[in-house]
Amino acid sequence: MASAASSLPLLVSSLLLALFALGAHADVKRYQFDIVMSNVSRLCHEKAMVTVNGSYPGPTIYAREGDRVIVNVTNHVKHNMTIHWHGLKQRRNGWADGPAYVTQCPIGSGGSYVYDFNVTRQRGTLWWHAHIAWMRATVHGAIVILPAAGVPYPFPKPDDEAEIVLGEWWHADVETVERQGSMLGMAPNMSDAHTINGKPGPLVPFCSEKHTYALQVQSGKTYLLRIINAAVNDELFFSIAGHNMTVVEIDATYTKPFAASTVQLSPGQTMNVLVSADQSPGRYFMVAKPFNDVPIPADNKTATAILQYAGVPTSVVPALPQTMPATNSTGSVAAFHDKLRSLNSPRYPADVPLAVDRHLLYTIGLNIDPCETCLNRSRLAASLNNITFVMPRTALLQAHYYGQKGVFAADFPDRPPARFNYTGVPLTAGLGTSLGTRLSKIAYNATVELVLQDTNLLSVESHPFHLHGYNFFVVGRGVGNFDPAKDPAKYNLVDPPERNTVGVPAGGWTAIRFRADNPGVWFLHCHLEVHTSWGLKMAFLVEDGSGPDESVLPPPKDLPKC
C-alpha cells in the first residue's frame, strides 16, 4: 500500500538533524522559496496549484534557537503572495511577519522579498504558510527549531523524529472556491478530503491507495512526532492505532508531559508527542478526523497514514484505532485541554502576568450583512464586538510607521457595544454589523487580559484565534457567558498553557493574558479561513517604548509596495 519512498521525509529529517549536530556553530540559515505552479494529483484528480519549490506540503525550515533565518521568496505565479512564519514572535520586526496588508504589501507576480528574522528564545515546532486569501491551503510547511547547542530536551531524548502535517484537499482551485462563496454571500464548498503530509490515505475512495504516507519505525525505539494542523477550516483529532502518545509541547512551548490516546488540534496549532514503538510489529493506522461541535454542515472525512514497523510486509492490513472520540465530543476535547499545563521549570518558567493593565472583552459573532449582488441579497459575515474588519489597501504597519493618515482608526472598543445573553437562544434578528479598519492601541509593556466570548448570533461555534507577534497564557476557559465577578477566581495563574493559537469553545469563552512588549501592528484573527474572509479579525497597535530596543525597526529596503 505505501511505497518505500513514503519514508523518505523521516530519513531526510534524520540526516538534517545529524548535520545540525555536526555544525552547531552555524548561526545563519538561508532558504530559497520559489512560488510556482505545480501539477498535483490526488483522488483521480490532477490540478495545477500554487506551491513552494514544487512540493506539497512545502519544504521544512530547520534552525536552532538563537539562529538568524533568511528566506528569499520569489513569486513566479500570477497571484500575489506573502509568507507568515506562524508563531515566531518577530520582536520589533513586524516587517518579517507576513500577513498581507497588515505588516506588508504582497509580493506581486515576478517580485521577490527577503524575510530576515532571528529565532530568539523559541524552540520547538512551528510552521509557515501563505497569508493572503486562501493560498495557505497549498502553500505551507513545517518549522523545526532545535534547542540551542548543548541544551537537551526537557523530556527523554527520542531516537528519531518526523513532521506530521495535517491538511485539506480540494479538487477545484481553492481561490475559485473562495471567490464563488464570496460572490454568492454563502459559505464556500467544503474540502474533498483531509490529508496527512499531503496524502489522504487508503480509506478515501478513488485512487488514494498510492497517496499514503508511511512512517517506518523500529521496535523498541521512541519517536518525536511534530504535528501541525495546517487545515484551512477544520479542527482535527489525531490518533495512532494501538499506541499512546505523550504530549510534551504545544505551539513551541514545553508542557508537563501526559499520556493521551487521541489529541486535538485547531487550525494553526502545533503539538509534539512522543510515541514508542512498543506494540507487536505490524502496521497501524494514524488517523486524522474532524472535530465539529455544532449542528451545521461540516466535513466528516477521515485521513489516514501508516505507522510501519520495519520488516513487516506492506501486504499486512493496518489496524484502525479501536476507539476515537465522536465528531461532536466536546467533553473529550475539554478534558484533553484541561490536562495542558506549561512546564514552568527554572529554565522554562511560566511568566504569567498577575496584575492586569487592560481588560478586554471581545464578542465573536456570525452575522448577516446586506448585499444586493449576492444570493438572497445578503452575505454571511463575522465580527468582533460587532465590527467586521475591512482590509486596507496599504499595509497597516507601514501606515503606522510613516504616520500615514486615513488608513485605519485606533479606536477598536474594549467591550461590545451592548451586553446581552451572549450564549442564550439563537438570535436571528438584528444580525448586521458595522464595517471598519479599526485597531486597538496598547501601551508598550502593558499587561493585557483578553476574554474571547462566543455568541449565539446565528449559531454558537468553536473558533481558534491566533495572535501574531506574541505568545499568551490561556488562564481560563468555560461554557456559557463569562462572569467577570466569579470566573477570574478559577483562573490558573501558576502553570497555564502558553500558546499562540487558542480555541474558544462553542457557546463559551477563553481568557488569555500577555505582556505587550513587542511594538508594532499585530494581527488577531480566527484561524478558520472561512471566518477570517468574512471579517473575523482585528489588529493591535502596540506603541513604541522609551528604551533603545523598544521601538519598531526600520523597514527593509526591498519591502514590497502596494
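All residue numbers here begin at 1 and follow the chain in the order shown.
From the backbone N, Cα and C atoms, a Cβ is placed for every residue, glycine too.
Summarising the annotation, Swiss-Prot assigns Cu cation 1 binding site to HIS84, HIS466. Around HIS84 (Cu cation 1 binding site), a 10 Å sphere centred on its CB holds 26 further CB atoms from the protein chains shown.
For HIS131 (Cu cation 3 binding site), the Cβ neighbour count at a 10 Å cut-off comes to 27, with all displayed protein chains included. Swiss-Prot lists HIS131, HIS468, HIS525 with the feature Cu cation 3 binding site.
Residues annotated as Cu cation 4 binding site in Swiss-Prot, with similarity to another entry given as evidence: HIS463, CYS526, HIS531. HIS463 (Cu cation 4 binding site) falls within a strand segment according to DSSP. Note on HIS463 (Cu cation 4 binding site): other Cβ atoms within 10 Å of its Cβ, all shown chains, come to 24.
In the predicted structure, the domain 'Plastocyanin-like 1' (34-150) carries a mean pLDDT of 98. Here Swiss-Prot flags 34-150 as domain 'Plastocyanin-like 1'.
What Swiss-Prot lists as N-linked glycosylation site is ASN39 (among others). Cβ neighbours within 10 Å of ASN39 (N-linked glycosylation site), excluding its own Cβ and spanning all shown chains: 10.
The N-linked glycosylation site annotation in Swiss-Prot covers ASN53 (among others) and rests on sequence analysis. The DSSP secondary structure for ASN53 (N-linked glycosylation site) is coil. The Cβ of ASN53 (N-linked glycosylation site) has 15 neighbouring Cβ atoms from other residues within 10 Å, across all protein chains displayed.
Less than 8 angstroms from the CB of ASN72 (N-linked glycosylation site) sit ARG30, TYR31, GLN32, PHE33, SER112, TYR113, VAL114, each of them six or more residues away in the same chain. Here Swiss-Prot flags ASN72 (among others) as N-linked glycosylation site, drawing on sequence analysis.
In three-state terms derived from DSSP, ASN80 (N-linked glycosylation site) belongs to neither a helical nor a strand segment and is classed as coil. Annotation comment: Swiss-Prot describes ASN80 (among others) as N-linked glycosylation site, evidence class sequence analysis.
Here Swiss-Prot flags ASN118 (among others) as N-linked glycosylation site, drawing on sequence analysis. Following the DSSP three-state reduction, the secondary structure of ASN118 (N-linked glycosylation site) is strand.
Per Swiss-Prot, N-linked glycosylation site is recorded for ASN189 (among others), and the stated evidence type is sequence analysis. The DSSP secondary structure for ASN189 (N-linked glycosylation site) is coil. Residues within less than 8 Å, Cβ to Cβ, of ASN189 (N-linked glycosylation site) and separated from it by at least 6 positions along the same chain comprise TRP170, ALA172, VAL177, GLN180, GLY181.
Residues annotated as N-linked glycosylation site in Swiss-Prot, with sequence analysis given as evidence: ASN244 (among others). Taking a C-beta cut-off of under 8 Å and a sequence gap of six or more, ASN244 (N-linked glycosylation site) has these contacts in its own chain: ALA259, ALA260, SER261, VAL275. Mapped onto three states, the DSSP output places ASN244 (N-linked glycosylation site) in coil.
Taken from Swiss-Prot, the feature N-linked glycosylation site applies to ASN300 (among others), supported by sequence analysis. Around ASN300 (N-linked glycosylation site), the C-beta neighbours below 8 angstroms that are at least 6 residues distant in the chain are LYS289, PRO290, ASN292, THR327.
Annotation source Swiss-Prot lists N-linked glycosylation site at ASN376 (among others), citing sequence analysis. In the three-state DSSP scheme, ASN376 (N-linked glycosylation site) is classed as helix.
With a 10 A radius on its CB, ASN386 (N-linked glycosylation site) counts 19 other CB atoms from all the protein chains. Marked as N-linked glycosylation site by Swiss-Prot on the basis of sequence analysis: ASN386 (among others).
Annotation comment: Swiss-Prot describes ASN421 (among others) as N-linked glycosylation site, evidence class sequence analysis. According to DSSP, ASN421 (N-linked glycosylation site) is assigned to coil rather than to any helix or strand.
Every protein chain shown contributes to the tally, and the Cβ of ASN445 (N-linked glycosylation site) ends up with 17 other Cβ atoms within 10 Å. The N-linked glycosylation site annotation in Swiss-Prot covers ASN445 (among others).
Each residue contributes its Cα atom, and for HIS525 (Cu cation 3 binding site) and ASN386 (N-linked glycosylation site) those atoms are 14 Å apart. When the Cα atoms are compared, HIS84 (Cu cation 1 binding site) and HIS131 (Cu cation 3 binding site) turn out to be 6 Å apart.
Around ASN421 (N-linked glycosylation site), taking its Cβ as the centre, 11 other Cβ atoms fall within 10 Å, counting all chains.
In this structure, the C-alpha atom of ASN421 (N-linked glycosylation site) lies 15 angstrom from that of ASN386 (N-linked glycosylation site). With a cut-off of 8 Å between CB atoms and residues at least 6 apart in sequence, the same chain places ILE364, ALA382, HIS463, PRO464, PHE465, HIS466, THR532, LEU536, LYS537 near CYS526 (Cu cation 4 binding site), listed in sequence order.
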